[in-house]
């Protein structure tokens, strides 16, 4: 009797059984089976080696508490199977402390016997404590405090460096622009002599641009000359009309050695004339500058004319007391005697004619400043 499937099923079963090993042999995932089977003996060998090392390590002899807790721990573990080993250790410690000496004596004697036996078995034994794993704990704590997710990558670090350099460049350029020249309000009404010449009609740098007396702010070089111009004889602006006395005065002051700031202040002719340091725009506006002269300039011309008349009448410098003007001067007392002494020692041709002029001009300047004119 023929089968209901007409013999196809048997042929399919034979074909599948024959083709299955051929197909399985082409894939690589079938090979690790042998590797897995071969890996089992290796793991067994590693575990056996660890056990042999543990057995080879010499243990320390037990003390009385360990001898007593060996059997007591087992009893507590059977009574309280849910308790953790740490809880069992706490309970054993409390119960051991509560025991009296008579109860502890057999365990103490057993511990002493084990110690003697250990010495006999291992005469060269030396206790070597295990290394504490503090380094690994510290590393773990650092990883917890500083997780790797918060550490920026190399690209972020490069971006931070570029941003820092850009900010530093902007800051340096801003500082350079701010430090090149002071603010506009700094030069308003200021002069090299400061307090002593604040009441005079000194032309300001920052006036209206529409006025004829307007001049641009000083450059950096002019600002340096302004701040350090006390001892220099640089005169960017001079009067067009000079008297013979002023010519003698300029020639003599160039020969005076400048040993202190007071000498430099008294040696510059613009200090006597009441003229402050003016920028180069003063040359382009001589009319506007001449209209703003101080009263000391007019009085100076009168003093010089009176001095010429007194020289023609035969007055000598010996008739003048050199110390009577000290009470009117607002400078340091040593500045004028030093200047007088230096001028007296000068052997120039105009040394005898310069002293009265200097004293009268200094008195005139200080008088106007004291009276607030």
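Glycine residues also receive a Cβ, built from the backbone N, Cα and C atoms like all the rest.
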Range annotated as region 'Disordered' in Swiss-Prot, from 10-32, 33-55: 33-55
Where Swiss-Prot places motif '9aaTAD' among the ranges 323-331, 332-340, 341-349: 323-331
Secondary structure tally of the DNA-binding region (58-126) (DSSP, helix then strand then coil): 51 helix, 0 strand, 18 coil
Arithmetic mean of per-residue pLDDT over the DNA-binding region (58-126): 93
